[in-house]
């Protein structure tokens, strides 16, 4: 019963790297190609995603900052990891609290460690609410 | 040479509490009554503010979330403390990273400790950039 | 509308120091003299306490470790600060997670900072649950 | 010379997952099947365990909360990671300070990251005491 | 029985500010005027100092970086707070781990919060060693 | 485009372990055999190293403490991980702020987690400076 992480990334090369990294860390990646698709999936709650990993510049009308806010609207403790190159400098202004920005290029261990840090803190904070 | 903190709060009773708390902690409060006034002061940089303490619901067209983003546009490490009652629940969605939300009512020590924590981290992180 | 902190301490000299420290920090101290009294007050929830400050060796059948566990049963995020001399060494074994142990003697600023740190984290974590 | 982690888990499927995760992270798992066995091993100190990874509901008379307290009695800085499903909600009441609760199911990276965080902090804190 | 903090500062105006801040926070300041004097006091251990607050540029042959290392030689967990203007930028290179740099000018609450943060962490980490 | 980490270690067995651990985590190791070589590489800035992983006792005239200070002179936020056996106890005195000491022997996950923690914090802190 793997933990499913919702990933929004349209660059296929980076998609592959992210999927491999998550798989090695014991996570399962569910890929969304646009922000709209991701928001629909998060709000539908048909599948229980455990975290969001998102690029900033997305196909379609939403960017990564907006998708993360939509995810936090659904669950205010939702773990969020952003990945970006040039947009990383906007994190201090546009990011949500308790999120992590990975500046591209990053090592795969940075991604699995970032997710684990956020999930481990969340479990601790939320352990009494299950 | 006290450290000046920009405070946006239109409730005069809370203004007084905040001014007293800051004064006891060795800070000086510069009061702004609207978000526009605060944004103008921050962008003008005539006075060097060290931190922002802001209510969420403000007179005028900006709210506290927007003023904080404007402050971070000017300085991405700018310390931000929000104060709110009902809007505190939106912090996980609307707050900037590395900010602190004080839910009203709060004790004065919470405010001076919040500012000191943010300033002490900032000094450490920025000590080589002075 | 001050924030009420439940304090369990039977040494009157330390009671006075704690009351003064809390008062200067903008908190109000509600004193309990035994663990039973504190547990009854916490479970009754007639007054909304914001934090527990407790000695370890208490009059009556409960010790401070047990009162803190009772408080966390009622609210799993309840801020807990222990104060002790010799029993401080048992904190790693008997303390609850995310609590702070102040070894006597301590400075008053240590107590108000400890409470503020725990309350500020709690507000952040719990801002969406209000 | 691998670092040996004492693991208490009676579900063989989870045992396998934990052993694989630890092995990939460069740790060696020493399995105990009951709390009594674990407490005997920890107190005997014949082998130097570096951390405890324990389920909460255990075969025999001890549960995971009690084994962790016994480990901290021997070494107050001993790294503790709990794994549980339903009992995760009791962590805020029954866990020891500076421990991590992993709610099942968890990703393998969460376990190795949790252990590494606790060990890295411990080495830092204890580096002068060797 | 106040907690004594060793302070090295030769500017009398700042000495006064530091003494007042410590006194309000429940600490007692013991002033040293040179690094040599401070090192002698720390190594003599006649009085049990709980923390060091030091300027960087000192009268005599030692600077604040060197005094802090001498203090850590005596006690590797000793709380250290540096105060400086221009030398703050050297903290990342010359400071000891787990210390705090206060860039002048600072608010008094920053100093008492810095000391309390370091002391509260130390008590937690060291609670079993008393 | 892997992230290159500068590693100073003359024991070939540990070199191999470190290289394998970094490679599995998605990092690339650039080995230096002496402190002088490392300092020359860091100051030359021909290749952009992302972090330093260094033993304490080195061949040549510099030790690991000195190389780390040289790296921080070039970039005050440079991530530093020390590896040592007996010298680990000197970390509290000789280490730079915000560094991690890994006491040998350590698990490979401890190294990749340490690097990821330092890099993830750095990216967050520095996201606006790119």
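Keep in mind that glycine also has a Cβ here, set from the backbone N, Cα and C atoms.
Per TrEMBL, the features are as follows:
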type	residues	note
DOMAIN	C:4-119	domain 'Response regulatory'
MOD_RES	C:55	4-aspartylphosphate
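The Cβ neighbour count for residue C:55 (4-aspartylphosphate), using a 10 Å radius and every protein chain shown, is 24. Residues of the domain 'Response regulatory' (C:4-119) grouped by DSSP class, helix first, strand second and coil last, total 55 helix, 27 strand, 34 coil. Computed over the domain 'Response regulatory' (C:4-119), the whole-number mean pLDDT of the model equals 95.
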